[in-house]
């Protein structure tokens, strides 16, 4: 790493940051950026995900626009299902669609992927394209097995998750088979990203908040722990989970580098139950970016004041940036953090 490399995030992930908190935002390289929308006029979302040069270009957009303290790889949590040939497509204003959702045990049994993950080489090449162009840490990622399985069974974003709950109650062993397969592919995929040069990782369990406490232990946490043990290198891992106000201490129990918090909890209170050396990331309400700019500054400063002196705090949203927020709002958030001393 060069002397100009901004390692603020990596310091915070070790709870050793003695300056202002690092700031980056989930979904920072997305549709709210005019530069991103210009690219989408030329390419489909999947075309962009499959092209190493475009992966690099889109990943860098928020670095250039906002000077955030980390880049997160431009990709999607459904690249593994796509590689499994289940027919992933993305529809504007609808989201991801799985054309061949899982409906029975045979569908699970026939899922297969080459061990060398050749069908995901474009991700590795995208990371390599980024290496000489970054002066901040690069975060690789994947979806948590439960969240990925939710899409593969429901076929799309669900309001009630009835299909996946049916599997939990009526075919739990079959559901575990699917989760184990996704976990194994996720380990291989994350290790590929490590080999290609990412500096940190994040696992997104976006639908964990649909689970009861016991379901979370059985169908989510066990597989997150399994993935953590399967990583080939000691690289910082952030676990982000919707429902962290309930599940945060359980996530901390498997010893990731950091726990990502949603906006339904108070970070300072979570620090009381998640002590060092585990970092905390979050947790502004994503809807804050629709507020007047002075209100954005007020809320950001309130969170910064609350976490003043915490060496392991990373400022982020409690979920991803919505596509219709203004760049000015995002810039105001980031600049408010950057204006802090240190």
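Note that Cβ sites are derived from N, Cα and C of the backbone, with glycine treated the same way.
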Of 106, 319, residue recorded by TrEMBL at the substrate site of 27, 28, 29, 30, 31, 76, 151, 206: 319
Largest CA-to-CA spread of substrate binders 27, 28, 29, 30, 31, 76, 151, 206, 319, angstrom: 22
Chain-internal residues near residue 27 (substrate binding site), provided their CB is under 8 angstroms and they sit 6+ positions away: 320, 321
Winner by Cβ contact number (other Cβ atoms within 10 Å) across the binding-site residues 31, 319: 319
Mean per-residue pLDDT computed across the domain 'Uroporphyrinogen decarboxylase (URO-D)' (139-155): 97
